[in-house]
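Some notes on the structure that comes next.
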Amino acid sequence: MEINQIHANLITTGHIHNPTLTSKIILDFVFSHHKPSVDFARRLFLDYNYRDPFLWNAIIRSFSHGNEPGNAYQVFVLMLVRGVLVDEYSFSLVLKSCSRLHFLREGMQIHGLMCKFQFGSDVFLQNSLICMYIKCGILQFGRRIFDRMLIKDSFSYNLMIDGYVKCGMVSAARELFDIMPSDVKNLVSWNSMISGYVKLENGFEYAWDLFDKMPERDLVSWNLMLDCCAKNGNMNLAQNLFDKMSKRDVVSWASMVDGYAKVGNVDAARYFFDAMPQRDVISCNAMMAGYVNNGCYNEALKVFHDMLGGGFGLAPDSVTLLTALSATTQLNCINEGIAIHRYIQKHRFATNGKLGVTLIDMYAKCGTIEQAMRVFEGVQDKSIDHWNAMIGGLAIHGLGYLAFDLFMKMERLSLKPDDITFVAVLHACGHSGMIKEGLVCFEIMRRFHRIVPKLQHYGCMVDILSRGGQIEAAAKFVKEMPVPPNDVVWRTLLSACTTRENLNIGEPVAKHLIGMDSCDSSSYVLLSNIYAQFGLWEYVRRVRTVMKQRELDKVPGCSWIELEGTVH
């Protein structure tokens, strides 16, 4: 019988006024996995003034454990308004909903009510409070409750240890772990502590020491230590651990794939990937990322295609698509990028995050700036990264005025740019000969947004002045920089001196560069070119002789083209 028919039957027969019958129907339906049945139970419940706390708790639980946890708090408030007796279970359920939604204010109100109704000493509820405060990011409140507890169980300790670990306070977690009574210290405690050290840059030795002292280990323990070895590049030890494991899961295999890929051994990574009894999306992502990070872009896309229709039977997630787009961008393969974009659209992946940013970047770097702009315009909630990617894309294409206009639009919309935004805008101004606009941007960055310029920003300004033919101003700017110029800044100035045939500034700059890095041939070549422009062939010969003596060769130029989907 359909729900509407049941409802109609209850009304026509008068059974709708039978609280015993309707209560049974509500309890039967509210725990169903069928959403319309759950909704019917909630509607039936709210239509009548039930007094049974068990029934109220069942409704609150359906919300706190479901997709609408915020409604659990509303029903709890209604329960109080109607004068229904609340119990420990009512409080635990509403605290769970506050934890899930990070409702700190509401959670604190519940805490106050617990004290008022004298439930403050219940261990289960105290643990629920600790959990709520930790989830809301107020760790000190959770610790205050923990310290006041007369009885602490293993869950109490584990909540605090896990909270400290997730906040990066590993030392505080270790202090608590060390004073934890042996009768409540369990596998969860050990694993939480190890996971904290795994996340630390210098935590390997501490993690290994704990792992070695564990009275017993489970699969989580082994996987944590395996991941720690892999992240530290200690693949010999990781291999040793892997071989000793009596039981392995997808995480174990994926750690080996990821570890070998990160140390550059993609063949070993592929061996483990192929040997996996069962693959998941995470392991495919690890293999793809390994290929991309080691320059094997076609191989990364092959794994992606295998996921789509090559027998893996796995649906790519956003991480997969990001990695595939990265490989596509490196290969400059626009057709592959378009296909991935269509997949994103077909499966309704959100583009207001990293995917949208990567799509804009891919289209811009693959030469389709118009499509990059379409993607940008189609993103509803743009982040600063979307704006940066679009401005950077326009800069690549030499569309400096459009990039500058987009930046000024950001200013009109009161969007706060970051240092990357200004690198992109200044780069665009430099490539379009926009000296005035570049100077304006530099001043806006310093005076209005209070962003301290970095070496990249100074380098862009040198490029802007140099490309505009203001060699003397560029040289003066370099001398007055508050940070030491690097070789890129000096080389930018030297390149401009070569183009503008300025020997007076170019010669000392070139000699300074050669003194900084005598193994870089480009400085020698630029100096040689300046001498050649002025017909100083004896100096040209000397520079070339020094290059030959130091076995420095001019790096030949090269380029790539795409023909019929293949990059050559």
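Every residue, even glycine, has its Cβ placed from backbone N, Cα and C.
Whatever TrEMBL says is automated annotation, not expert-curated.
Residues 23, 26-27, 30-31, 38, 41-42, 45, 93-94, 96-98, 100-101, 103, 106, 110, 113, 117 of the same chain lie 6+ residues outside the repeat 'PPR' (52-86) yet bring a C-beta within less than 8 angstroms of a C-beta in it. The repeat 'PPR' annotation in TrEMBL covers 52-86 (among others).
Using a Cβ-Cβ cut-off under 8 Å and counting only residues 6 or more beyond its ends in the same chain, the repeat 'PPR' (153-183) has close neighbours at 123, 126-127, 130-131, 134, 137, 139, 142-143, 146, 189, 192-193, 195-197, 199-200, 203. As annotated by TrEMBL, repeat 'PPR' applies to 153-183 (among others).
The annotation repeat 'PPR' is assigned in TrEMBL to 186-217 (among others). Residues 154, 157-158, 161-162, 164-165, 168, 170, 173-174, 177, 180, 224-225, 227-229, 231-232, 234 of the same chain sit 6 or more residues outside the repeat 'PPR' (186-217) yet have a Cβ under 8 Å from a Cβ within it.
What TrEMBL records for 218-252 (among others) is repeat 'PPR'. Within its own chain, the repeat 'PPR' (218-252) is flanked in space by residues 187, 190-191, 194-195, 197-198, 203-204, 207-208, 211, 258-260, 262-263, 265, 268, 276, 278-280, 282-283, which lie at least six positions past its ends and keep a Cβ under 8 Å from the stretch.
Mean pLDDT, taken over the repeat 'PPR' (280-314), works out to 91 on the 0 to 100 scale. Residues annotated as repeat 'PPR' in TrEMBL: 280-314 (among others).
The annotation repeat 'PPR' is assigned in TrEMBL to 383-417 (among others). With a cut-off of 8 Å between Cβ atoms, the residues of this chain six or more beyond the repeat 'PPR' (383-417) that come close are 352-354, 356-357, 360-361, 363-365, 369, 372-373, 376, 424-425, 427-434, 437, 441, 444-445, 449, 451.
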